[in-house]
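Positions annotated as substrate binding site by TrEMBL: 150, 172, 183, 262, 384, 389. What TrEMBL lists as active site, nucleophile is 183.
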């Protein structure tokens, strides 16, 4: 199930990266720079966690004008709950990166992911920055995807082509994934020419049906960040086509985050239809994939569909229980307000697969949403119980 080996590792026109080990925690890659040869239009969405990280605070400041030229990311340390010193350290890093690349510090967006409450080993990072300009490479997408990993088991990246235009994206996240804009980080680079306002509008739509529709454990990270840069070096693009490809790309990466959830053995997709509106459908879908009882039943390959019914019934939105239908893939367990034919043996066999689809119809309303999550295994407890040791 835990498979990497995705598409091309080459960046769009004008982008390069450098990934290295700064010695933040161990000897693996823990720092990466994504660089555009020219200033790029930029859009971003950040965590709504009130204890957001210092890089989120600085990142919001730097992207306020709608332009960036570089992104600097470290893993193994979140630089969260580190007070004024954390902000100072983040600014030192962006200034050092800007000096190395000969660009404006405000055109550098910082990101951090890792342990919360531990001071950033800023001197190690500052020592690693000089000379990285000469190490920038055009085929470093996979290495950058590796450098931002924490408890991920494989790097997550994709590349798509639309004529002369290329979109490359990477993401990380396997725990503390309940974005409200997975920690969930994603960086998307394109050589299309798109203005910042339009870029922000497209990103918001794409994130809503992708990264904001995935949950591993119901915890919203302090560092969730999605950034989209467009440097225009490939010229104009059909905006409608671009938005479709961007959204599909984000959905693919969101599903990979859920698939690679800490300790996960199964990807769970929940499709909700017939709700009063999209918001209600999404809330009910999220409640299913966040339910420990549902998640553990799926891990145990136990077709205990009563847990799904209970979770639906706990919705704060009104549900007409007489209109509810629930199925695992196409095998109904509950139809039009009543139990369906008992197919426990067939369901038990289906739950042995590594992808589980749950379909919920609430009636004939216009609202629909699809969300993704994973099961809850013994290893999730082990991974998080030993995270800082």
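Think of each number as a place in line: the chain as shown, counted from 1.
Including glycine, each Cβ sits where the backbone N, Cα and C put it.
In the three-state DSSP classification, residue 172 (substrate binding site) falls within a strand.
Neighbour count (other Cβ atoms within 10 Å of the Cβ, all protein chains): 25 for residue 262 (substrate binding site). Neighbour density for residue 150 (substrate binding site): within 10 A of its CB lie 22 other CB atoms from the protein chains shown.
Around the Cβ of residue 172 (substrate binding site), 29 further Cβ atoms fall within 10 Å across all displayed protein chains.
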